[in-house]
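According to Swiss-Prot, the feature signal peptide maps to 1-20. If you look up Swiss-Prot, you'll see 23-41, 34-62, 47-51, 66-77, 78-83 marked as disulfide bond, on the strength of similarity to another entry.
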């Protein structure tokens, strides 16, 4: 019985029991729990016509895989809770 109990405890500790990642999400830039299967946080930045005066556009969110982006769009992906804060303007 002790061996069986030990195996059950080890199994529970080794399994990811429904853990979901938390990421910052735009437009509110608040931390939210990602949907099941989306364990990647991303920060996507790009320039639009107002880039010179307003700075780069920023999109924050969750994804199942790191999004593929077009030329001129920067993407940073990470996989820990709230690892995608709104970038500081330089």
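Think of each number as a place in line: the chain as shown, counted from 1.
Glycine is no exception: its Cβ is also placed from the backbone N, Cα and C atoms.
Annotated features, which come from Swiss-Prot, shown on the structure.
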residue: 23; record: disulfide bond; contacts (Cβ under 8 Å, 6+ apart): 31, 32, 34, 41, 42, 60, 61, 62, 81, 82, 83, 84
residue: 47; record: disulfide bond; contacts (Cβ under 8 Å, 6+ apart): 56, 57, 72
residue: 51; record: disulfide bond; contacts (Cβ under 8 Å, 6+ apart): 57
residue: 66; record: disulfide bond; contacts (Cβ under 8 Å, 6+ apart): 40, 42, 75, 77
residue: 78; record: disulfide bond; contacts (Cβ under 8 Å, 6+ apart): 40, 41, 42, 84
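Residue 83 (disulfide bond) counts 17 other C-beta atoms within 10 Å of its own C-beta, drawing on all protein chains shown.
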